[in-house]
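Engineer: Here's a structure for you.
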Amino acid sequence: MLHALLKKIGLAAAVTGVAVAGMSNASAQQDPIRVGTFLAVTGPASFLGDPELKTLQHWVEKINNQGGVDGRQIELVHYDTAGNAGKARTFAKRLITSDQVDVIVGGTTTGTTMAVIPLVQRYEIPFISLAGGVPIIDPVKKWVFKTPHTDRMAARKILKDMQARGFDKIGLISGTGGFGKSGRKQTLSVVGDYDIEIVADETYGPNDTDMTAQLTNIANTDGVDAILNFGFGQGPAIVTRNYEQLGLKLPFYQSHGVASKKFIELAGEAANGVRLPAAALLVAEKLPDDDPQKPVVTAYKKEYESTYNESVSTFGGHAYDGLMIATQAIKRAGTTDKAAVRDAIEQTSGLMGTGGEFNMGPDDHLGLDLSAFRMLEIRDGEWELAE
Amino acid sequence: MLGEFLQYLFSGLTTGATYALVGLGFAIIYNASHVINFAQGEFVMIGGMGTVMMMAAGVPMPLAVLGAVALAVIAGVALDKLAIERARDADIVPLIIITIGASLFLRGLAQYFWGKSYHSLPAFTGDEPLKVLGATLLPQSLWVLGVAAVLLVALAFFFNRTLKGKAMLAVSHNKDASRMVGINPRFILMLAFALSAALGAVAGIVSAPITLTSYDVGIMLGLKGFVAAVLGGLGSAVGAVIGGLLLGIMEAMAAGYISSDYKDAVPFVIILLVLFFLPSGLFGKRGTERV
């Protein structure tokens, strides 16, 4: 009895001793790499920030279990901004000056990201944003990068598909919320690059419940070949239902703002036949086997869904891409010296992420091209590849 | 041309009928207490969301509809008993502020228990649009208009032919005098809250298949219903209905003929004009003369 007890204590002591020795050994050799992040895990943008944080936490742990980056463990330092730009600025400052992080991967919304940009530029910290807005990387800022595709790319993808199908006069309808407004602006600014003319330009408010008047106007415009709706939330679902109600036969495009199952659920039967650009992650299993992006997106999807027991979203994918770009740049640089890491991030090329293949350069701190978007068509309530 | 006009008209009548039902709720409570109940939009939300949630739990639609109306009535009576009645010695303005607080509270509860996403209800009799002279109309729009018309007739009967309804009118004209003839104003006030909660819930249910529903639909519908009630003259039931229909039609016509960008501004400009030149609304004056 006593003997057994002593044996147990001895074993425990031995294990602890080894563990302590191991730890002090590792830390004596190398400090951990400190990755800072600030995300909107609560608040109105929580459906973006929540999968982002879950993704970062899971994959940091995974990298650490596999031996870390260059033998160094990663330490994730996180603050919740609740989508508030003022808080984002405070937390970014804390990450830089008090937590002394080596690189920042975060910034769920364009607003929180833009608030932090002056700080990272002044303190010279590499920063990979997870927000969609074009102004983050246009014009290029030395220390700022981002992973999600922009609404300008979505507009280009749609216009390209329209041109390929021979439509030259289109009607535009857009929401007056932030997403729809920016989408409309980007569509108008790039439409000149295609042989397409916007012959009708209508809008609807974020809480409007009936858009038949706007759609009737578009349908009655001379020569209109197709209709494009740029919007977010329930508005596009109502537009789609109204479109069905009016019995319109024109080809109908939506933006990537509706790339969620909720849209199909709300629009019901009316959603069938709608085309939209979306990330490959949405149709991971349906990609052809020779698609170079297929292994990355199916692996991410499988791992996320089995870990957290909820369906994958493109937003978590942006965080995955950001973490991969940062860790691979640190690996290539062989150091966490900030200038070296920044240069290495800028030299990222051929990195296959969930959002597409990243090829960055001094003039391009996003590095994605239009192939990052897939043109999808909704058939029988399911996403199908249209190309 | 005719097809276009009819399309705008149908669109306006459908949204207008919802505004009218919400406006009626404002009118009934205003009559009984001179309180403007800003939680009226939340009754609409409870109607729509309650039905969605009960159907998701497996309750058949007719029962879910009844359950949601009952839920809204409970919320309305609770608002009266727990908040308004306890503060009955206060002025009108604090009471109105209480209703704003109640609306935030109900919205918060709905957000917590029912979630933040949008939901749709199946249409009562199919989605196949009807074609009328080049315009299209959803069968559900006829439901909205029909239910609004039936409720209006029922209310007219209630106020003019039943003792309880007449008692409610009496309280609206003179509380002290009606107490002297044996009417209990507290009971009448509770009845007014129950009635307008039920009206709001019905509006929320019949419109949900067209407009979709979520925890925060009450904000916009409450505001538009209030505008409808003011436009028609606060306290006038007929005024609230006509105000609601006018508001809906003006919005649709503005979106169709002027510009969808300025659509939301048009009704508010018109209500400003009404308040400048007809401060008691379109039908308000007749209501006060009835004494």
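The backbone N, Cα and C atoms fix where each Cβ goes, and this holds for glycine too.
Straight out of TrEMBL:
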- B:6-30: transmembrane segment (TRANSMEM)
- B:63-80: transmembrane segment (TRANSMEM)
- B:92-114: transmembrane segment (TRANSMEM)
- B:141-159: transmembrane segment (TRANSMEM)
- B:187-206: transmembrane segment (TRANSMEM)
- B:226-253: transmembrane segment (TRANSMEM)
- B:265-284: transmembrane segment (TRANSMEM)
Engineer: Restricting to the same chain and to residues at least six past its boundaries, which positions have a Cβ under 8 Å from a Cβ of the transmembrane segment (B:63-80)?
Structural biologist: 37, 39, 42-43, 46-51, 54-55, 99, 102, 106, 189-190, 193-194, 196-198, 200-202, 204-205
Engineer: Can you name the far-off residues of the same chain, 6+ from the ends of the transmembrane segment (B:141-159), with a Cβ under 8 Å from a Cβ of it?
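Structural biologist: Counting only partners 6 or more residues beyond its ends, the transmembrane segment (B:141-159) has Cβ contacts under 8 Å with 10, 13-14, 17-18, 20-21, 24, 123-125, 130, 165-166, 168-169, 199, 202-203, 206-207, 210, 237, 241.
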Engineer: Which listed range (B:6-30, B:92-114, B:187-206) shows the maximal number of Cβ pairs under 8 Å with respect to the transmembrane segment (B:226-253)?
Structural biologist: B:6-30
Engineer: Which residues of the chain, 6 or more past the ends of the transmembrane segment (B:6-30), have a CB below 8 A from one of its CBs?
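Structural biologist: 36-37, 40-41, 43-44, 132-138, 141, 144-145, 147-148, 151-152, 155, 168, 192-193, 195-197, 199-200, 202-203, 206-207, 210-211, 221-222, 224-229, 232, 234-237, 239-253, 255-257.
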